[in-house]
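Asks: Annotations per Swiss-Prot:
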ACT_SITE  169  active site, proton acceptor
ACT_SITE  391  active site, proton acceptor
BINDING   47, 169, 294, 316, 378  spermidine binding site
């Protein structure tokens, strides 16, 4: 169905071709096991992102980014060959296995055209997820096995294009995805090999469950909101300028002397978001709300994981408080709790306990039960795809737009870099937020107060 977006011309996207791109060199047939963190059922979701590239500044008769990217993908799979395989969760132990190599396999690569210019879509700034899906490859988790990676190139009338990526989170985290996408554009730009050599080594993050310890499942039966359940959800991208972040940090330091510790944007804005979300949802004040944080553990592993390790290398830390406490605590109080959670994540013994706990969750097929109204997770996407230049002839992407599963988006706030076209937003952040429509009104009031 045509979609009208910022133009009198309805948007129509025609997907012309999908082919299976295979590695440029022969890969022996093999079966690979994944780490405990990769096997976490909460990681078996498909994350997608749109990389928006403007047209070249000069006319070019050979304006075919899809040809360069298709060849680069084949070369990439010679290094990242597991991406060309197939994932399947085994019934026997509920672990994922990756089958790759041989004559089968490949990565779905789609070429599409759009009948409008990128400017009519404002380079996807504040685009809704349903529209963004037009520029993304189709990829789903399937109990019978599925491809973990797919790409789509959508060309626009202006000469610009969108590189759409879909990836199973079981294969990699944001760090790994960033390296993969930069390696792809490096190869498309003429480099002979990726700057960082990929390494599998998933056995380095495998836990050993202790039978006498019951598993901990986060976020069970949290505080209730009068606005949930609902089918009326909205997603907004909230802009927070550098001056607002600076003022909030200064106010936080006046509340509490953090001595030689640096307080980060993620910490102070995360604390402010939690307080704002609790108010917006009008959570039961005596009920528990849980803040979830993704904390990297690459350097906690002994020895540290090499740069080329692209599997999941983070653990989720949880800070539980009653809704009343979140409202009454100062920003500095919450920042202290966030810092404590991050310190715990960097403890080697804690990491082993977390791996053992996750192994039990997998084995027992446990999921979060009860209300999730008070569950609130933060994730930082500011460095997704930013591990080097992505310029392979069309300059750097002017915008990177994540598209996450709707069920996940309802409990997660994503930190994003502002669009490169917004010069007045240098040093600021954008927060992608999904809330019930009635709660979003109050949430935006709280965020406007920050400005």
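Backbone N, Cα and C define each Cβ position, glycine as well.
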Asks: Taking DSSP as the reference, which of helix, strand or coil describes residue 169 (active site, proton acceptor)?
Replies: coil
Asks: Run through the Cβ atoms and count how many others sit within 10 Å of the one on residue 294 (spermidine binding site).
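Replies: A count of 17.
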Asks: Rounded to an integer, what is the Cα-Cα distance in Å between residue 316 (spermidine binding site) and residue 169 (active site, proton acceptor)?
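Replies: Residue 316 (spermidine binding site) and residue 169 (active site, proton acceptor) have their Cα atoms 14 Å apart.
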Asks: Filter the recorded positions 294, 378, 391 down to those whose C-alpha lies within 10 angstroms of the C-alpha of residue 169 (active site, proton acceptor); answer none if the list is empty.
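Replies: So far as Cα distances go, none of the recorded positions lies within 10 Å of residue 169 (active site, proton acceptor).
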Asks: For residue 378 (spermidine binding site), which residues of its chain lie six or more apart in sequence with Cβ-Cβ distance below 8 Å?
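Replies: Sequence-distant Cβ neighbours: 266, 270, 273, 291, 292, 293, 294, 412, 413, 415.
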Asks: May I ask for the distance between residue 47 (spermidine binding site) and residue 391 (active site, proton acceptor), taken between their Cα atoms and rounded to an integer number of Å?
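Replies: Distance between the two Cα atoms comes out at 23 Å.
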Asks: If you count other CB atoms within 10 A of each CB, which of 316, 391 wins among these recorded positions?
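Replies: Answer returned by the neighbour count: 316.
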Asks: Using a 10 Å radius around its CB, how many other CB atoms surround residue 47 (spermidine binding site)?
Replies: 23
Asks: For residue 391 (active site, proton acceptor), which of the three DSSP-derived states applies: helix, strand, or coil?
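Replies: Going by the DSSP assignment, residue 391 (active site, proton acceptor) belongs to neither helix nor strand, so it counts as coil.
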Asks: Near residue 169 (active site, proton acceptor), how many other Cβ atoms are within 10 Å of its Cβ?
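Replies: A 10 Å sphere around the Cβ of residue 169 (active site, proton acceptor) contains 23 other Cβ atoms.
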Asks: What's the longest C-alpha separation between any two of 47, 169, 294, 316, 378, the listed spermidine-binding residues, in angstrom?
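Replies: So the maximum pairwise Cα distance among the spermidine binders is 17 Å.
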